[in-house]
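Only one structure is covered here, and it is reproduced in the block below.
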Amino acid sequence: VFLFLQGFICGFSIATGAAARLLSGYDSYGNICGQKNVKVEGIVNSGLDLTHKKYVFFLDPCNIDLVHQKIKSIALCVSACPRTELKTLADVQKFAETNGSTLCSYELQPSEYTTDPRAAKLCPKYPVPESAPIPFFHRCAPVNISCYAKFAEALITFVSDSSVLHRLISGVMTSKEIIMGLCLLSLVLSMILMVIIRYISRVLVWILTILVILGSLGGTGVLWWLYAKQRLSASALETQIAKDNLQALLIYAIAATVFTVILLLIMLIMRKRVALTIALFHVAGKVFIHLPLLVFQPFWTFFVLILFWTYWIAVLLFLGTTGSPVPNEEGFVEFQMAGPLKYMWWYHIVGLIWISEFILACQQMTVAGAVVTYYFTREKRNLPFTPILASVNRLVCYHLGTVAKGSFIITLVKIPRMILMYIHSQLKGKENACARCMLKACICCLWCLEKCLTYLNQNAYTATAINSTNFCTSAKDAFVILVENALRVAAINTVGDFMLFLGKVLIVCSTGLAGIMLLNYQRDYTIWVLPLIIVCLFAFLVAHCFLSIYEMVVDVLFLCFAIDTKYNDGSPGREFYMDKVLMEFVENSRKSMKEAGRGGGAEGRELKPMVGADEE
C-alpha cells in the first residue's frame, strides 16, 4: 500500500506537467520551453508558442540566492545558448540577428536592444558569459563556473583567499588519476583484509589486551606518582589552590584505581569469551572462502540504493515543480500546490527512510540466509552452487514481510529523532539551557533505541533464516538467546568491533601513506591536502562497507553457534553442526569446567552447552 501511494505521487507529479517543466525547463512567465503553452491569467507574456525555443536562459546566472538556493534572475526560453562571450548590447543584438536567438525579454525586438531604455532591465547583464546547454535538462549554464565562487566560498567557510580554493580544486583535477588509483587500492586492501583477518585476529586481540592493561596501569601509576610528589613537596600546601589540586589528584587517583581494578576483573572474567571471538573470526574467514559472492554484497546493495535515491531525487524535483501557476509579488509565475497535496513531500521523505532501511534489511537477511546455510550444512561439499542466490530467492518468496516490518520499526524510531534534530537546529540560540538539554537527551535516547533495535532486528533476521518463523517470533527467540549469552555478546561487540576498527584504521593509514608517497612527486600544483582527504575518506567508506559485512557474518555465526550449543551436545543423534575451530572452543570450555569442579561457579555454568531447552 505504501509503495502504491509512492507511485501515485510520482504519477501525479508527471501528470500535472512537473516532469515536462523539470526536463524542458520553463521561463519566469510559466511557459514551458519547446512547446505551445496555455495563457496564465494576469501574466502578460504567458501562453506563448515556444516550439522552437528549447533552452532556458537566465539574464543574470551568477545572481544566486544562498538562503533559498536558487538563481534570482529572469528566465527566458531561447533557441540557442550563447557559445561565445557577449560583451555589449550590440553583441547581444548581433547574436540575435545571426542565430535567431533573442536573449532579451519577449516584448523587445532585436532591433530595439540598443535603443530602447528598457533594455537595461529586460536584457542580460553583460558581459554575457559563454554558456552551454546542460544535457537532458535544457538549461544554459556558464562554461566558466567562476561566477559561482561566492556560493562555493559560502559552503567552504575556512577559505578566506579565493586563490586557495582555486589551488585546491586544481590539485584535485591534476591528480584525478592518482585519486582513482588510490581508491582502487583501498578496495583491494579491504578485500585482502577480509580474507587474512582470521589469521591475525589472535594477534590483534593480544595487542588490544596489552594496550588496555598498560594504559590503565600506566595512567593510574602516573596519577599516584603526581599525588605523592605534590604531597611530599614542602610548598604544596601553602595556598588553598594547591590544596584543592592535591585533593583533586587524590580523587582522580582513587577513581582510576577503582576503574583499573574493575577493568582487570572484567578482562579476567571474559578472557574465555574472547577466545570465542577469535574462533568466530577464524570461521568467518572460512565463510568468505566458501561464499566469495559475499564480498560483493556491498556493491549490489549500494547499486540498488543509488537507483532508489536517484528515483527519489527525481520525484522530489518533480514535486518542486508541480502545482498550479500563481503570480508572485514581482509579477512572475511560481508553481504551488494547494490543500493537502502540498504535504506530499512529507510522505515522500518517510518513503526515503523506510525504503532505504528496507533495502539494508534485505541485505542483512540475504547474508544471514547464506551464512545459516553454510553453518548448518555438515558437508561443505553439499553446499548449493550459489548460497547467496538461494538466500535471495527465499527472501523474495517468503521473507519480504519480515524485513518490511523490521525496517518499519526502525523508521518509527528514526523519524521522531530526525524531527527533534530539526527542531533543535531551528531553535539554536533561542531556547534555554534546560530545553536544549532535554532535546539532546531525547535525541540521544532515540539514537540508542534505534541502535539496539537495529542489532535485535539483525539477529531476528538470522532466527528467521534458521527457523522460518515470523518477525515477532524470531525477534523474541533472538532476544532470549542474546540474554542467555550476554557476556559472550559483550565480548564479541567490544573486542570484535575494536578489531574491525583497527582493520579500518590499517586500510586508511596504508592508503594515506601510499597517497603521500605518490602525491609528493607531483609538482604541477602546490596543495595536495584535499586529494589526500578525499582518498582517506573514500578508503574509510570502503573499509566500513566491507568490514561491516564481516561483522554481520560474525554476528550470524554467533547466533548459529548459540542455538547449536543450546539444542545439541555432541552425543550421537545430537551432533554439533559447528566448525572444528568452534568445536575446540567447546571442548576447552568443558575441560575448564571439569577442572573447576562439578557445578563450580558462574563461569562453568555459562560455558556449559545449554541443552535444557531441547524438550521445547
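Using N, Cα and C of the backbone, Cβ positions are placed for all residues, glycine too.
Annotation comment: TrEMBL describes 593-608 as compositional bias 'Basic and acidic residues'.
If you look up TrEMBL, you'll see 593-616 marked as region 'Disordered'.
Sequence annotations record features per position, and here TrEMBL assigns signal peptide to 1-19.
The annotation transmembrane segment is assigned in TrEMBL to 178-197 (among others).
Same-chain residues lying 6 or more positions outside the transmembrane segment (204-227) and placing a CB less than 8 Å from one of its CB atoms are 246, 249-250, 252-253, 256-257, 259-260, 263-264, 267, 274, 277-278, 495, 498-499, 502. Residues or ranges marked as transmembrane segment in TrEMBL: 204-227 (among others).
Annotation comment: TrEMBL describes 247-267 (among others) as transmembrane segment. Counting only same-chain residues 6+ beyond the ends of the transmembrane segment (247-267), those with a CB under 8 A from a CB of the stretch are 209, 212-213, 216-217, 219-220, 223-224, 226-227, 230.
Sequence annotations record features per position, and here TrEMBL assigns transmembrane segment to 274-293 (among others).
Residues or ranges marked as transmembrane segment by TrEMBL: 299-319 (among others).
As annotated by TrEMBL, transmembrane segment applies to 345-376 (among others).
Sequence-distant neighbours of the transmembrane segment (498-519) (same chain, 6+ residues past either end, Cβ-Cβ under 8 Å): 175, 178, 181-182, 185-186, 189-190, 193, 197, 201, 204-205, 208, 277, 281, 528, 531-532, 535-536, 539-540, 542-544, 547, 550-551. The transmembrane segment annotation in TrEMBL covers 498-519 (among others).
As annotated by TrEMBL, transmembrane segment applies to 525-547 (among others).
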**Outside the transmembrane segment (299-319), six or more residues from its ends: residues with CB under 8 Å to it** = 9-10, 13-14, 18-19, 22, 344-345, 348, 351-352, 355-356, 359-360, 362-363, 545
**Prompt:** Same chain, outside the transmembrane segment (274-293) by at least 6, Cβ under 8 Å from its Cβ: which residues?
**Reply:** 194-199, 201-202, 205, 209, 370-371, 374, 380, 383, 386-389, 488, 491-492, 495-496, 499, 550, 553-554, 557-558, 561, 579, 581-582, 584-585, 588
